[in-house]
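Below is one structure, written out as structure tokens; comments come after it.
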Amino acid sequence: MTPPLLNTKEDYRKLVDSVDTFLLDCDGVIYHGPKVVPGVKIVLDMFREQGKKIIFVTNNGTKSRRKLKETFDKLGLGATIEECFGSAYASAVYLAEVMNFPKDKKVYVVGEEGLEEELDSFGIQHCGGSDPEDREFKPPIVWEDFKPDDSVGAVLCAFDSWINYKKMGKAMTYLRNNPECVLIQTNTDPTFPTHGSLYPGSGSLSIGIVKSSGRKPLVIGKPNKHMMDAILAHHKFDPSRALMVGDNLLTDIEFGLNSDIRTLLVMGGVTPRESIYGENPSKTVPTYVMESFGDLAVLAEK
């Protein structure tokens, strides 16, 4: 089935009138690197004036909601804390409100300060992460550092610029010696785009822990439904009146499909046109397609 390409004001109006909640990917939809997509600010302001709910849904596992808001503020988009929903916050929500993580247990963090900030906001104890004892590692390996600890109830992996053998060894030890310890990944993105290129992402950095522990991880971020479970635990809305907007078929559009909500693919991001309208299109099919999310700004014209 070939999805419709929306390209008229009538198409845009019909779509917007059918949606109360917009779930928006960020890079590729709202901005490209440091530049806001033309028309997007007008669209966001229009939606807020109309009482539409906006939720920025990103797999970024290093930034807290506070830091995500700072990013939007610097771009002049004026987002609120409530509108920001990254995989770091989603992981904390999932632990606290979906899993009911025990108060007497702690999380071993393979990640950075933004993730710890979100755990702190829910009163979840944690260790590892930015602790210099784990972050500052130089050979030779001190094998005595890898001791079982039954107080660690989960290992939470995100993007970690300071990933090292000590962190991997501790995480593996906690998981292999305690069957009740849960392995969680904020996301499994193999790469992430920045500075005009692609670099190793969270999934690539934590794969060693996954493989060595022999555990199947609980993955929170897009395209997994756990992300939607976390969103719905915090935001109440009617999924039948919601729309997931993204530029990536494998994360954004699959996320919408896995969550049983409609999807809108915007071009100009990571998905080539041939993946939708070529001779061998992707098996992942969005509900709608449009050139740019900013094109909806035409609806704000008087």
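Glycine too: its Cβ is placed from the backbone N, Cα and C atoms.
Around ASP25 (active site, nucleophile), the same-chain residues six or more apart in sequence whose CB sits under 8 Å from its CB are VAL57, THR58, LYS222, MET244, VAL245, GLY246, ASP247, ASN248, THR251, ASP252, listed in sequence order. What TrEMBL lists as active site, nucleophile is ASP25.
Listed in sequence order, GLY33, THR58, PRO193, GLY269 are the same-chain residues six or more apart from ASP27 (active site, proton donor) with CB atoms under 8 A from its CB. For ASP27, the entry in TrEMBL reads active site, proton donor.
According to TrEMBL, the Mg(2+) binding site annotation covers ASP25, ASP27, ASP247.
Feature annotation from TrEMBL assigns substrate binding site to LYS222. The Cβ of LYS222 (substrate binding site) has 31 neighbouring Cβ atoms from other residues within 10 Å, across all protein chains displayed.
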